[in-house]
Amino acid sequence: MQRRQGRVSAGLLLLLYQISQVGLQNIPSVTLGVLILNIFLFLNPVKPLSEVCISVKEGFYRRNWQRLLLSPFHHADDWHLYYNMVSMLWKGIMLEKKLKSIWFAYIIAVFSVLIGVVYMVLEFMLVKILDDPSYEMNCAVGFSGVLFALKVLNNHYNPGRVSSVLGVRIPSKYACWVELVAIHLISP
């Protein structure tokens with residue numbers, strides 16, 4: 001889980017290209033801020049990934065609550081950052097225009113913390129249900145959980161749409177689930 005600090009790579013360059021194709025003037029302020037924050041923390045991480053990732057052991061038992069704030073904004077590698085931020089770009093453009101910037105910023109902040117809490121609860125349940133303490137050690141970083149929640153919210157505000165996931169057209173209400181599996185397979 002270590003990444004070289006300050007390294008510009010193919011995924012980052014492709015992300016910057018995607019942002020330039022959309023145009024900074026076409027990206028709402030909160031969405032742009034989230035993109036900038038994630039890129040900045042990718043290039044200048046607060047701490048090593050092993051010290052910002054969220055797990056039952058670190059977040060709950062050791063009460064290292066700062067991980068709830070740090071884990072969503074750190075990414076394992078440049079492709080993890082790329083997939084998450086391109087997804088954020090499109091979801092942010094659609095939702096921020098609909099919900100307005102202040103409400104969208106609030107939603108991002110709440111989802112960012114809440115996703116870590118949900119992750120720890122699910123991992124804790126796996127420990128109990130499967131009687132396997134290794135789930136307490138699973139450590140996660142990245143914005144994927146927030147994006148999944150935004151996708152569900154987007155589907156709520158835009159029902160009946162069709163999405164394309166890896167070139168396959170499916171109803172948007174199912175696309176968030178297919179996208180979740182696809183992201184896990186592409187960048188576990």
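Heads up, the Cβ atoms here are built off N, Cα and C, so glycines get one too.
The signal peptide annotation in TrEMBL covers 1-24.
Per TrEMBL, the feature domain 'Peptidase S54 rhomboid' maps to 63-171.
A Cβ distance under 8 Å defines the sequence-distant neighbours of the transmembrane segment (103-122), meaning residues of its chain 6+ beyond its ends; these are 28, 30-31, 33-34, 54-56, 59-60, 67-69, 71-73, 92, 95-96, 140, 145-146, 148-150, 153. What TrEMBL records for 103-122 is transmembrane segment.
Across the domain 'Peptidase S54 rhomboid' (63-171), DSSP classifies residues as 78 helix, 9 strand, 22 coil.
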